[in-house]
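Visitor: Structure in structure tokens, see below.
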Amino acid sequence: MDIRKFFGVIPSGKKLVSETVKKNEKTKSDEETLKAKKGIKEIKVNSSRKEDDFKQKQPSKKKRIIYDSDSESEETLQVKNAKKPPEKLPVSSKPGKISRQDPVTYISETDEEDDFMCKKAASKSKENGRSTNSHLGTSNMKKNEENTKTKNKPLSPIKLTPTSVLDYFGTGSVQRSNKKMVASKRKELSQNTDESGLNDEAIAKQLQLDEDAELERQLHEDEEFARTLAMLDEEPKTKKARKDTEAGETFSSVQANLSKAEKHKYPHKVKTAQVSDERKSYSPRKQSKYESSKESQQHSKSSADKIGEVSSPKASSKLAIMKRKEESSYKEIEPVASKRKENAIKLKGETKTPKKTKSSPAKKESVSPEDSEKKRTNYQAYRSYLNREGPKALGSKEIPKGAENCLEGLIFVITGVLESIERDEAKSLIERYGGKVTGNVSKKTNYLVMGRDSGQSKSDKAAALGTKIIDEDGLLNLIRTMPGKKSKYEIAVETEMKKESKLERTPQKNVQGKRKISPSKKESESKKSRPTSKRDSLAKTIKKETDVFWKSLDFKEQVAEETSGDSKARNLADDSSENKVENLLWVDKYKPTSLKTIIGQQGDQSCANKLLRWLRNWQKSSSEDKKHAAKFGKFSGKDDGSSFKAALLSGPPGVGKTTTASLVCQELGYSYVELNASDTRSKSSLKAIVAESLNNTSIKGFYSNGAASSVSTKHALIMDEVDGMAGNEDRGGIQELIGLIKHTKIPIICMCNDRNHPKIRSLVHYCFDLRFQRPRVEQIKGAMMSIAFKEGLKIPPPAMNEIILGANQDIRQVLHNLSMWCARSKALTYDQAKADSHRAKKDIKMGPFDVARKVFAAGEETAHMSLVDKSDLFFHDYSIAPLFVQENYIHVKPVAAGGDMKKHLMLLSRAADSICDGDLVDSQIRSKQNWSLLPAQAIYASVLPGELMRGYMTQFPTFPSWLGKHSSTGKHDRIVQDLALHMSLRTYSSKRTVNMDYLSLLRDALVQPLTSQGVDGVQDVVALMDTYYLMKEDFENIMEISSWGGKPSPFSKLDPKVKAAFTRAYNKEAHLTPYSLQAIKASRHSTSPSLDSEYNEELNEDDSQSDEKDQDAIETDAMIKKKTKSSKPSKPEKDKEPRKGKGKSSKK
């Protein structure tokens, strides 16, 4: 290939680019791009008229300009051409508005391959040191002459000049496109003047350009300019900068905001920035060069951004240094700037934009190699935590005995492995003396107990917060030296008891001094407490009766009898009340008497207060919203439950649901009927009981004076333990309850433990949902300590803490345990309370997923579990627990393997063998009903696999897939049996043969006509089905069974129109089948075996004859459908009926 042809393509390509840009076409046609990439002959055809005119003026230089050569004559011609453009440059710089009409733009804006080749060729030629001989220079000189004739701006021919490698990677200044053009022009002139003998005019021009370049370099070495360029690079990458651009902010506004922020943060640098701006604006040389290109620069931001990316190595390194300085200076000045912002409110709006740009580097730094390395180290630390050893010198140090409550009020955090004590022992030791152990370090933490292989994050946080760090010996020394304290709970109870004793003393004095109470006090007392008001009313009525009765007696006798009678009655009442109180259980003795005394329900948004507000507004809301359905109240914006006619209190047992409901009704004056699990709550009984309760009145109201005013007409129904409404006795109870709620005229309060129970899900939509949570340990502890103080029990607070945790924060269970354990002795130690609470730990119902997780769990959760405890996990549900173990044991990473794959596989093999042995035991239990083997199955199916694979599960426990596969196996077996029966007259084969040989062929034969012919093949398929006596259900079953590996059936891929046509065609016709479509009735009575054989034969003959008659009868034929008689009588029957009546009446 001739190299001249290779270089001849480039200038013509450039000419084409200039022509298309001059026409202001946004998109180029495919023909022009193809022609630009083809040979020289096509390019000559596309040459413009200006080029032809120029060639006519210079006929001697035609071919030499197009093709490169190394001859000396061509060099001299190029030198002469190089001198022409500088002479004509000042002439073309006069017009200022031509810049808008100038079609020539910067080369980097176009995405054409020709321009890229031009740049590449230019850079290569300059590297070889032959830039003066290149054709690019000559072609550009030629274009400069054309531009002078058309009077274009001076920068337009320079924009099309070739750019060298030095312009991109050399010492050139970082600036927009016009700066590069200056640098390239300077180099071109310098090379040409060296060869032409250094003309005086060229030297002068070159000196001026050198001065301009030096000035540019000095201006652009400013730190403020480098920072602005860095911000320009960062802005489009950050999200916040995009919001600014969407809002319409220009680069100038960002730069202005930056300058304002810089005035506050960098006052010593503002002057240099101002000087540089003045130099840029007032230098005459820059004004002359950039006046014509100001408007074009505003419209070419995209090209300027591209050019800004191409910078020299020195400038890029300088930018990196500037960024580092900037970050360090921001870190130092940020606190000072924050203080200034508080003082100067006016400047807040100005400093917002720089903050947005400064936040972006922090986001970039988050995804860095340092972060990935940090994650790797954290993962390695976690792996080492899982495989770390226990205490090496267990029990080597003597544990001291400290004073009582010596650590009360102190909070500890334990990290690492303690050498002589296990973590649980250290925790119980701290709690024994009143301390508290938490999991994470916070400001409230007093001591961090650090051991071997401690957590780095906890130690760093403790050092940052100034928390004291001690070791194991420091903890023991702390217990040994700290003085004892009196418990804060005991102090609170003592003060409370003192207040109560003072209040009790003062009313007694008043009663003794003034026996008669004023009516105002009567009213206040009746408002405060209803029981006391009732007692007072009873006493008053008795006094009135006695006054009337003793009118005739003397005053002295009357007084003596009254005092003696009062003292006797008082003594009898006191004795009886004391006996009753002593005989009461603690749960009834200390049961709350008001809403304020319910533990954990003191807040304004507590469930008790919500229920009180709901019941108070029930009459108003029910009268207003009669037409609205209750279920739509779920979507109302209010949280007061005003649209619901019933409330549902759900929560764990022993948290005060029933107590709250009864106290709320008492406070608002509602009489209530309570139905719990001991009552029959079926559909019929609910109707009767609720209907009766609506018309009831309480007898208590008739004892008082104002019987009519005190009797309440407000009733409520309390349904306790709604989730227990099951079985035959309560059949239909939930549905009847929902019906009652829809049409009730009294409030209904329901209670349950398990809100997610299937029966409760339908009830939830009609009730105001109130979920009770377990009270905190501190809340329960305070109330229990006061009760213990009243009963004279001496229990340390840590012991009470263990009792509460052992009862799973069930207040009722805590009171029962206290009354039982303190029946013998009135003192209870910490160790005794912990042992008793562990023995009497409340059984918590666990689901199968929790059981599966706990079987394989490692660590503190299962460290102290005995063999019996591990086998008890199996007995939570012995029918499904083995399936959960078999499904999830492969998802466990065992600790015993230690990351070794071979050990892991060995453990998996041994666990699988144990599960197989458990399955053998299960088959013996189920087949021979040998239920005594269940403990052996627990060992094989649960305990052994759990011990071998004890570790950490990689995912949540999955449900056993065996259950779904087993049900589908039974279903498929029934389907194949039905198909074998239906096709038996055609195939004469067994169920296995049909499954193995017939089904796959039948599937293809039934689907093939529909896929190939479409709607036309429907009749063929229906005929084939009739041939084999197949129904529509059999067709679907064949498609389902014959598809393997979860692949979709071929029938599902058909066009819906074809499927619809097939269904219509099959349903249109009647299909005869040799088998009954309905269930055949069972045979009639069979004779007893005690009869004689002859008699049996006779009976059989009679039966056979009768059976033949029955078979012949149309009515008994199962293949013939009977017509159902219409319920409406026919016309003649209607006519006959009155005639019969008339006849009877006439006869009478």
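Glycine is treated like the rest: Cβ placed from N, Cα and C.
Sharing the features that Swiss-Prot gives for it:
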type: BINDING; residues: S650, G651, P652, P653, G654, V655, G656, K657; note: ATP binding site
type: COMPBIAS; residues: 130-141; note: compositional bias 'Polar residues'
type: COMPBIAS; residues: 262-271; note: compositional bias 'Basic residues'
type: COMPBIAS; residues: 1094-1105; note: compositional bias 'Acidic residues'
type: DOMAIN; residues: 402-492; note: domain 'BRCT'
type: MOD_RES; residues: T110; note: phosphothreonine
type: MOD_RES; residues: T161; note: phosphothreonine
type: MOD_RES; residues: T163; note: phosphothreonine
type: REGION; residues: 46-201; note: region 'Disordered'
type: REGION; residues: 228-380; note: region 'Disordered'
type: REGION; residues: 496-538; note: region 'Disordered'
type: REGION; residues: 1081-1148; note: region 'Disordered'
type: MOTIF; residues: 1120-1124; note: motif 'Nuclear localization signal'
Visitor: Does S650 (ATP binding site) have same-chain partners at least 6 apart in sequence with Cβ under 8 Å from its own Cβ, and which are they?
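Guide: Result: K657, M751, C752, N753, D754, R755, I760, D769, L770, R771, F772.
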Visitor: If H, G and I count as helix, E and B as strand, and all else as coil, what does DSSP give for G656 (ATP binding site)?
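Guide: DSSP assigns G656 (ATP binding site) to coil.
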Visitor: Given the binding-site residues G654, K657, and counting only Cβ atoms in the protein chains shown, which has the most within 10 Å of its Cβ?
Guide: K657
Visitor: In the structure shown, with every protein chain counted, which of the binding-site residues G651, P653, G656 has the densest set of Cβ atoms within 10 angstroms of its Cβ?
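Guide: Its Cβ has the most other Cβ atoms within 10 Å: G656.
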Visitor: Would you say which of the binding-site residues P652, V655 has the most Cβ atoms within 10 Å of its own Cβ?
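Guide: Comparing the binding-site residues P652, V655, the most crowded Cβ belongs to V655.
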Visitor: Quick check on the domain 'BRCT' (402-492): DSSP residue counts for helix, strand, coil, in that order please.
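Guide: So the counts come to 35 helix, 17 strand, 39 coil.
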Visitor: Average the per-residue pLDDT over the domain 'BRCT' (402-492) and send me the rounded value.
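Guide: A mean pLDDT of 86 is what the predicted model shows over the domain 'BRCT' (402-492).
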